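Before any comments, here is the structure.
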Amino acid sequence: MSEPIRVLVTGAAGQIAYSLLYSIGNGSVFGKDQPIILVLLDITPMMGVLDGVLMELQDCALPLLKDVIATDKEDVAFKDLDVAILVGSMPRRDGMERKDLLKANVKIFKCQGAALEKYAKKSVKVIVVGNPANTNCLTAAKSAPSIPKENFSCLTRLDHNRAKAQIALKLGVTSDDVKNVIIWGNHSSTQYPDVSHAKVKLQGKEVGVYDALKDDSWLKGEFITTVQQRGAAVIKARKLSSAMSAAKAICDHVRDIWFGTPEGEFVSMGIISDGNSYGVPDDLLYSFPVTIKNKTWKIVEGLTINDFSR
């Protein structure tokens with residue numbers, strides 16, 4: 001057994017965390033021989049609920065969980081972290097202006113960035129989930145100047161998985177058979193799901209998605225809007241935002257950071273745009289196709305961008 005790693009989940013009393021924590025504790029993310037000290041952070045009014053989550057995690061009797069700590073204090077939560085999964089953010093309420101939402105979240109993520117700077121290991125990997133994820137991630141990174149910017153990423157894997165799932169449904173295959181879709185840009189309805197480099201396995205052969213589907217108008221129309229608006233569609237149907245699928249996407253994202261991406265495959269994540277070859281200005285937090293090796297991501301360079309994608 002290796003030394004335990006310290007993993008923080010913020011917003012730990014919330015919906016997404018409730019779907020996420022078991023997967024972290026059972027070895028699905030960091031491997032079946034990696035012991036974990038799991039730290040749960042939430043705001044003071046949520047501590048009663050968080051106690052219930054703590055009890056449930058204890059009752060799961062998971063052998064990899066060396067300790068579970070529930071706290072509302074940043075100095076406890078951020079101490080000596082190996083991984084920080086920042087799920088908690090201020091949700092948008094009815095009648096709330098977007099700029100007010102941004103202001104509230106900038107405050108939260110400035111504080112959390114400063115806490116990472118002060119208490120966490122400099123090698124900490126930080127994954128931002130709370131929306132607006134790109135902005136929140138950049139804010140946290142800027143507030144932790146001594147932690148490498150490359151250690152920060154935000155979740156666009158849910159959009160990536162949604163795109164894979166739509167292609168798989170349309171072709172009657174499983175999502176596993178679809179690879180190399182790309183989410184460009186922001187985790188919002190302005191993102192661009194791009195399948196011009198995606199491949200699908202059909203009858204044991206890898207085929208380009210455009211060739212496999214032979215339905216350009218769907219790929220350039222309904223497919224894109226379905227992926228862009230999927231989050232809103234889930235809220236409309238369920239009266240709650242995506243939690244199970246978001247938790248699964250977080251697991252995929254963090255597992256890939258930890259273990260790397262399979263040969264010949266790339267995934268989407270929001271990262272710092274410095275030095276990319278796609279004309280995206282530096283110092284933005286932007287979703288790119290990446291490969292990951294030794295816990296370090298690299299933007300996939302040199303993919304041709306067709307006129308439609310531009």
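Every residue gets a Cβ built from N, Cα and C, even glycine.
Curation plays no part in TrEMBL annotations; they are all automatic predictions.
The feature active site, proton acceptor is assigned by TrEMBL to H187. Under the heading NAD(+) binding site, TrEMBL lists D42, N105, V129, G130, N131. If you look up TrEMBL, you'll see R92, R98, N131, R162 marked as substrate binding site. Positions annotated as domain 'Lactate/malate dehydrogenase N-terminal' by TrEMBL: 6-152. According to TrEMBL, the domain 'Lactate/malate dehydrogenase C-terminal' annotation covers 156-309.
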TODO: By CA-CA distance, flag whichever of D42, V129, N131 among the binding-site residues is nearest to R98 (substrate binding site).
DONE: N131
- [ ] Output the one of R92, R98, R162 that, of all these binding-site residues, has the highest number of other Cβ atoms within 10 Å of its Cβ.
- [x] R162
Open item on the list: Fewest other C-beta atoms within 10 angstroms of its own C-beta: which of the binding-site residues V129, G130 fits that?
Closed with: G130
TODO: Please report how many Å separate the Cα atom of N105 (NAD(+) binding site) from that of R162 (substrate binding site), as a whole number.
DONE: 26
Open item on the list: List the binding-site residues among V129, G130, N131 whose C-alpha is within 10 Å of the C-alpha of R92 (substrate binding site), in sequence order, or say none.
Closed with: N131
- [ ] Note down the number of other Cβ atoms within 10 Å of the Cβ of N131 (NAD(+) binding site), including every protein chain shown.
- [x] 20
Open item on the list: For a three-state summary based on DSSP, what are the helix, strand and coil counts in the domain 'Lactate/malate dehydrogenase N-terminal' (6-152)?
Closed with: 66 helix, 27 strand, 54 coil
- [ ] Please report the DSSP secondary structure of R162 (substrate binding site), reduced to three states.
- [x] helix
- [ ] In whole Å, note down how far the CA of R162 (substrate binding site) lies from the CA of G130 (NAD(+) binding site).
- [x] 18
TODO: Would you mind checking how many other C-beta atoms are within 10 angstroms of the C-beta on N105 (NAD(+) binding site)?
DONE: 21
